[in-house]
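What TrEMBL records for this protein:
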REGION    1-20  region 'Disordered'
TRANSMEM  52-70  transmembrane segment
TRANSMEM  91-110  transmembrane segment
TRANSMEM  130-152  transmembrane segment
TRANSMEM  164-186  transmembrane segment
TRANSMEM  192-209  transmembrane segment
TRANSMEM  265-284  transmembrane segment
TRANSMEM  290-310  transmembrane segment
TRANSMEM  361-380  transmembrane segment
């Protein structure tokens, strides 16, 4: 018998009509709204085997960070080892706060009932639901890797595939802190233009994904809540769950535990990305990239390749994009660098594949997003 790719493959089949089904998970049957919120998470990964990629990346990152922090590579500043160690140190120092904040968000979301999450995001597959997900992504002040954890948890809580992608594409560099940085680097006019364009791309990407799901080309979210669960009044739900919550030390520990558990699938690829990006920085001269990033078809193509290969957090991509724009007078290339990093980031692709258990969904992210980015970037380069 072929094993199902659904997140419910490890659960028993639905019972006969009339049997009790309230204990089943959301994607396998009715959700028991009286159960603890984390009990309804049907898509959480299991960890029965040693994760060699995770622990190998942890060791490499720790060695690189400690080597630079304690000057263990001192006296060899021009060596590739020193450059790699410095890159690890710099990347970890840049993203650690956003990652920790994301772990807390994921932990809190694990305690929020599915019906409440869906009341905030709206109905999946609808224009209103996509608009809410896009705005939520823009408002979330986290780095690209931090937002990835939150997006995957929203998917596990019932967000449609389109809402998840809209949230993910809209989020990475549209944080309040990075907006202020871009104001200083490229001016408020271009910054606002980039934000509006990225929101439009996020919305259109989400809409396309929802249409692909409706056409049965891509699988839908098996954890989607029913209409009845998602349509209950939001304020009434918030009041009820707030009053019923036990605000004690155990809740804090549970949030931390669930946050770490939910973030594990992201951390393994995030740390691997840090290692790979550090090696790229150490072994490839950045001037090689900057020579070929002008406002031309070749420059745009090289920018797309560079953004795909170079794994940087959003805090790192914004200054690089601004530098590309200012040095080459190619605003489209700067915009493409920001957006292509979102669409082709191998951390995101692999995490989507692991969470949704589908290579098809993961590879459709760049397939849907990249053509839109190329068209917008080409137009911007002509202005």
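Every residue, even glycine, has its Cβ placed from backbone N, Cα and C.
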Residue numbers, six or more beyond the limits of the transmembrane segment (290-310), whose CB comes under 8 Å of its CB atoms: 277, 280-281, 317, 320, 324, 327-330, 332-333, 336-337, 340-341, 344, 370, 373-374, 377-378, 381
Tertiary contacts of the transmembrane segment (52-70), as residues 6+ beyond its ends and Cβ separation under 8 Å: 81-82, 84-89, 92, 264, 267-269, 271-272, 274-275, 278
Cβ contacts under 8 Å made by the transmembrane segment (265-284) with residues that lie 6+ beyond its boundaries: 45, 51, 53-54, 57-58, 60-61, 64, 80-81, 83-85, 87-88, 91-92, 95, 99, 145, 148-149, 152, 309-312, 345-347, 350-351, 354-355
